[in-house]
Amino acid sequence: MNPFFKLLVPQSSVVSLSKNFSQAKDPENNGARQKGLDAGRFVMSFLVVILHSMPISQDQKYSFLSILCRSAVPFFLITSGYFLRINSQVNLRVIKYQLEKLLPIYVFWMVVYYGVAFSTGVSDVLLRPTDLISGGTAFHLWYLPAVGAAIVIVSYSMTILGLWGSFFTCFLLACVALSTGPYHDVLALSGEARRGGLLIAPSYVLLGHAIARYQRKVPVWSAALITVIGAFAVFFEENSISILTGNNFISHDFIISTYIFGVGAFLFARSLKSSFLVERLSRLGGLALGIYVSQLLCLWIFREFIDIRSLYDVFGLAILSFAAAALLTATMRKFSVLRRFVG
């Protein structure tokens, strides 16, 4: 099973090596279905839409909501690592498989977003060399090459160096990402701060793999407590960065305490017991990847009619865009020629 697609969607005929439709399976529990993670994918995809519905230049009233939404990408990355299977020998099929699954999705949506931006002027058309892997105009698509590269890095480093060697490798990459990203101005480094998602993603994938390999089940209330502590730790750290640099509040993709927040969110979803709500949400988990890649297009459309002045406007825009992206995804999944582009 390709770990990337387990990250956002239950196993499907498109992404499963066994070519059958099934949900996420727990490697610790003899393959028992992981409804909590399936449900978590769907909920986290909505948080991504909320985050992108906020004004780019955020004021303080959006600070804590934006922080809550930042749990989504760490959750996806950790989930990817949780389902990662390490080969006993170095195998180039790891790279080949990631390219075969990720590249068509990435290229398809890059063409869509750049085509729409160029023809309508709804967004700047960014054509720098780095935009080829960062998404550029379709900024959220940075995640696709990041998770693919992270899976390859963790797979190979685990095979060649073992767990501790892989940990050290990912630790060094994360240090570079954090120092040149959110802590760039704190450290008074020259040049501009960088996003750093490509470098920090392997550490989250490795965390997920370590949880699957060593961590036992965490009670739901303990996981909830870790999540709450992580959220407040992120809030404190973000405001500390703002104070130290003299800059306005900025919600970063990743900071140090995001590890606590992301792990807490993952453990919470993983520890959820089956219920009516969890069952219903888990059935919608298969839409999450398609929602993620298409939601910005829907946001561009509805932003033409909704002026963001308050949190009510943010939620209104997010709900409309989320529903439209879900409908678009469900429709595309009905056509074999389009299904591969939404997972």
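Cβ atoms here come from the backbone N, Cα and C positions, even for glycine.
Automatic, uncurated: that is what TrEMBL annotation is.
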Looking at 3-21, 193-211, which one is transmembrane segment according to TrEMBL?
193-211
Whether the transmembrane segment (281-302) meets the transmembrane segment (218-237): three or more C-beta pairs under 8 angstroms:
no
Counting Cβ pairs closer than 8 Å, which of 62-84, 105-126, 132-154, 218-237 has the most of them with the transmembrane segment (161-181)?
132-154
